[in-house]
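Q: Supplied in structure tokens, the structure appears directly below.
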């Protein structure tokens, strides 16, 4: 009978710790199967331990260790909740009827727990390429995994393998009280100079549902110590562009780690090296030179000392400080200049570089290019300060300037006076006299007053504040400008200006006269209309003049000059009318 019943079960069932495991047990009987029962066992080493019995869909005789965690489905499957790693064992499903065993089968329950992501810690002490022992690179740990995971090591993405006396990676597996496992591993490996840029990481590997899974740690870099092999010394900015007044750095670099100790020296004119390390930061290998000049040029040497093996390397560089010196301007002729003269200016300077020259005025506007400037027909107005700007095109910013005054000498020339000036007696007025000359002239007035002088370049202006008197109105004032080369004088004429009151009287009188003439004209016209005044020759005309000619206006113009009154009458009553109009 036992062989006539086939019980079907999966070979393996997987469940995550803390989850629910469902173990199926399928069979078929010809009868109703109402008297059939299922007994579950689990294997403890080599012996069977009764788990429970299921009859009529109910669980009977439940094992104490699994109490409250078992349940049965309508399809005869057994469910185990809150699975633990201790549940990872073999379970047996036995089918019986009336005390007889009809058939059985078994399933292996695999319990898994995904381990935590691996944590990596790089060695804080670094590793030396000279180390006789294999130095520690990093440590890696992954916690709470089941079944026990394992760790592998990688450098720059490639897996490392143990090598005798070169690479070691011992691991430790620890079972926690929860039944989960913690795995840790330490990487030991020899390093080279190139490993200063290498990246290390570890990976934890575990099984999940029959597949191998992997979790990786972050990448870490370790400090690698190695001796120096080369030294480099350079000028910043480039030595070809250094000019007087610049701040320069001489940077010394060595390819060893840790950094060596640096020292600097400069070769003097006596071919002896003089220590200049006081100007340097010996730990960083930087020599700072501030506001360099021509004497800063020369050979500089950097020496690097490796404190591990006391090995010393050195490097020499030449510093060239570009300069312009001795800028001078020559004026021909050098004698004092007078108006109408010509002058030639020549500019020269010394420099190891090719130079360009520009001439500029006081407002920094370019006047000409080249080292010579010719000025002709000089006047006071063309007197000015010029500058010769010397530049080295190959070194941006390298330039020097020299100023020169082109001063035209001569006796004063008065260019502006306040004449004629309309004034009123007893009024306080300002008299102005402006002149141009070089050397600077002095201004004198022929009358007393308060004078103020203003000077701009070759121009001098004098303002004299004075009260107008009768004598001043009559005689005026004299402005006298003089210097060592001559004198110029100008007379200021003062004219009497009518008062506003007298002007008002005249205007009123004119208006009254016009009104009187207008009234007189109106009276004459009125009398004429009434016939009280004969019309002169107009009255002698034929009274039978056709009516069509009544509106024609005839204006009589005399050849001689008429008075103002006659003109007004002509405008008011100058019509020639027919006898019928009278």
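The backbone N, Cα and C atoms fix where each Cβ goes, glycine too.
TrEMBL labels come from automatic prediction, so no person has curated them.
Marked as domain 'Ig-like' by TrEMBL: 3-110, 118-221, 227-318, 325-405, 412-493. Annotation source TrEMBL lists transmembrane segment at 504-527. Positions annotated as region 'Disordered' by TrEMBL: 561-582.
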Q: Along the domain 'Ig-like' (118-221), what average pLDDT does this model show?
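A: Average per-residue pLDDT within the domain 'Ig-like' (118-221): 94.
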Q: For the domain 'Ig-like' (412-493), what are the DSSP-based totals of helix, strand and coil residues?
A: 6 helix, 54 strand, 22 coil
Q: For the domain 'Ig-like' (118-221), jot down how many residues DSSP puts in helix, in strand and in coil.
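A: Counts, helix then strand then coil: 5 helix, 58 strand, 41 coil.
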Q: For the domain 'Ig-like' (227-318), give the DSSP counts of helix residues, strand residues and coil residues.
A: 9 helix, 48 strand, 35 coil
